[in-house]
């Protein structure tokens, strides 16, 4: 039958990268198929054609009848079955080896980068002894079925299942599941219907049933492995959202921070201080009593409540009303003083004699102040020249 050691060595490596059920399947393949096929089955079918005897002397009739009874030998059919069933495993093994090599190269690159980083860290800060022994020095490979490797594994199981079913169905249509001791043949060049006899029919039937049971067990293991992987994938997909929900930490609402409670460092200012101030008169902070708001400023406040603050620069003057009104009384006072000075200059030459008399009377009244109580009731003093210019009571009406 030849040497099966090459295929056995490859399948042993596939065994390292399979699931538990896949390893059981490989055990069934090795022990109950390859081993039995290489030892016992060859001896049973060794004399198959030589012991096939027909009751005719017609040349070639016996060979034609054997070809009709056994279009392909059982042993060769089972060898083809083993090869076809093992081919998906070989394809998966090639992909797994490629995946493992790529992972090894990636780990080597990461290890090189880690060593370079460790050397840089040692130059900056030397490590304590036994600190960098956390990594696994053995480099043991932890095999995991995930991603493309898992998909390849499932596909190779599906193809194995299809090949198993195909060979079982093919064997049934070729031979059936029993070997009859008598086979009737009427194929040309046989002169008539010829009786042919098969050697060891019972023993061959037992081997056929045994190999059929092994194929059924292999098919069952394939179906169980596919179901196991699919259920495992579904459970992982259902478990992932629950883990994500458990891993999510509920966010606590951030409380508002009062700006006044934050200590401000010297030379820095808080961004919250740039918000618009709630009052408009900075003089109140110094202790000056604020004056009542003018009508224009009331309109300003009403317009603030009506619209957004962005349009204030367009609707109103940029100057605050308080500062604008603080300058207007000063200008009015200066103008009033200038008008009074002009009136005084015009009336000065006309009122000089009267003013002198009034001043003399005032001086005499002051000298006689305690002795003239009757004159205090009625003030007959003439108005000063400044009092004539304005009707308001002024502090400089009396000259001391």
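Using N, Cα and C of the backbone, Cβ positions are placed for all residues, glycine too.
As given in Swiss-Prot:
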TOPO_DOM  13-21  topological domain 'Cytoplasmic'
TRANSMEM  22-42  transmembrane segment
TOPO_DOM  43-71  topological domain 'Extracellular'
DISULFID  54-196  disulfide bond
DISULFID  61-190  disulfide bond
DISULFID  65-185  disulfide bond
TRANSMEM  72-92  transmembrane segment
TOPO_DOM  93-156  topological domain 'Cytoplasmic'
TRANSMEM  157-177  transmembrane segment
TOPO_DOM  178-205  topological domain 'Extracellular'
TRANSMEM  206-226  transmembrane segment
TOPO_DOM  227-400  topological domain 'Cytoplasmic'
COMPBIAS  381-392  compositional bias 'Low complexity'
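Taking the features listed in Swiss-Prot, we show where each one sits on the structure.
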residue	record	DSSP class
54	disulfide bond	strand
61	disulfide bond	helix
185	disulfide bond	strand
190	disulfide bond	coil
196	disulfide bond	strand
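Sequence-distant contacts (6 or more apart, same chain, Cβ under 8 Å) of residue 190 (disulfide bond) comprise 54, 56, 58, 61, 64, 65. Sequence-distant neighbours of residue 185 (disulfide bond) (same chain, 6+ residues apart, CB-CB distance under 8 A): 54, 61, 64, 65, 68, 69, 193, 194, 195, 196. For the topological domain 'Extracellular' (178-205), same-chain residues at least 6 beyond its ends with a Cβ under 8 Å from one of its own Cβ atoms are 44-45, 47-48, 51-56, 58-62, 64-66, 68-69, 74. Within 10 Å of the C-beta atom of residue 196 (disulfide bond) sit 21 other C-beta atoms, taking all shown protein chains into account.
Mean model confidence of the topological domain 'Cytoplasmic' (13-21) amounts to 70 (pLDDT, 0 to 100 scale). All protein chains shown were included, and the count of other CB atoms within 10 Å of the CB of residue 61 (disulfide bond) stands at 22.
Counting same-chain residues at least six beyond the ends of the topological domain 'Extracellular' (43-71), those with a Cβ under 8 angstroms from any Cβ of the stretch are 174-175, 183, 185, 187-191, 194-200, 203-204, 207. All chains included, 23 other C-beta atoms sit within 10 angstroms of the C-beta of residue 65 (disulfide bond).
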